[in-house]
């Protein structure tokens, strides 16, 4: 427990660096917020007025000081695009991104891990070749392309999937918020019609993310299983006549999962990045599309808020990976 | 004496990219109940391959090409992989060198013993756990109930080897194959580990095959020694007899290369030459002939056993 607190404390400098870098980046990026919001016909005076209102006419250190002061009070600033506090926007949109990312990850894991195990246990078999194809495809297809391809095939050509327009059909209403995950919230109140609607909407974007995440997970699972199956303690297990199911699942897989869990953390962070594009393709109301829209509008506060949120997510994610590793590996508990 | 393990004309080959390796060529030996037989020879002579092949642990490239091997009357060469898995750990067990790596690093040691007991004795989880604690006590691990939950990385190498022995003998097998069980352990620990194996063997009538390159260890701990060279057994005798009257030139060379407390390093003699390439298709009948100083024209003839004494045989046309 103390170790975890230390780790948490150790990530504070990284968060501080993120705060500084995003602040500087949003100031040096091309595009002037005041000009953008004043509109194309605005006069020089009105632009100057808006700039003064936003505090953008102040020297940079003063701006940064004001930003920090607001930050410690939990104020991430206002979004000029939505007219709402950035924190409100992000809290509203984060569950959408989280639900999509987790769905994609779940899909990837539930296919990639069995595939990797099969490929390692039966080398040269159909599963092994399938694993190779999936890994190659997953690495070489960019997410926006897979996304568009899936939309084209399953919505436009086959008509199996609904229009890629967000989390729910335009005429359906969202379930009452408990977790913010539509699939969970709808199931909680037993509203299966909404549940099916939400599922139909999430299948294609989750599959897009899943295909992207499949490749590294399957590859690591296969390689890690192969390494463990060649280990001396597997020879001992075989020499003790243990059943092959015990050898593969209890002895080999649990050891092989250690590097897989570490990879999962990495894949999860890739997914958070890939989300930005996938949300755009599927009009998913998550924080990724929010950040892209703000960036295009030179709206600094949401971009800073987005990057900070991501940084905090990464820190929490690494903490979670650490805890899972400790649960799996007694050696990590001692360290 | 009835043989628990009876191996006759047992041959093993490995298919590799660079040709077929004739790893074992018609080896024969018997091990009786309660007996400790040492299998000695330099690296690559086929000691471990013999053990793996008998228990059906060869990798995909290796296969048994001839002969028979019966364990308690059961023909191992004809057994299906499933039948072999039922025999391994139950009737024939094996321990290895480098005990720490031979144990599952993330599973409590007691649980690893219980896994084997449950598989073969069909005990309930609770009974298997109790049996595991009992086994830990039997191999001399202090505070066994608490050590049940320990992991291999928390134990010394010697303690890990005790755990390995506990796993191997928990099901009271008829045969224990110990493959270099003391290599990598310090000398006092070596003695303790061998003591444990031998007292368990004496108690349960278990036969032991001690695979080692260490003639001194074999001399001290075995009742009989079989000397292997390049996939052949070249000499097989009661330990005292073999040490006092080695007849095969290779055995004599091996003894001359073994350090003794009395002799200095300068007295040691290396064995000239090296093992023949076992991928050759024209391997001579005597695979030691090329390294042998007592070679005769007769050595080109097919090898036959010479029985020099009731319990001493040698595969050589010109024994010393």
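Including glycine, each Cβ sits where the backbone N, Cα and C put it.
Please treat TrEMBL annotations as automatic predictions, because they have not gone through curation.
Looking at A:12-30, A:31-49, the range tied to transmembrane segment in TrEMBL is A:12-30. Range A:256-278 is the one annotated as transmembrane segment, of A:233-255, A:256-278 (source: TrEMBL). Residue ranges A:177-197, A:198-218 are listed, and TrEMBL annotates A:198-218 among them as transmembrane segment.
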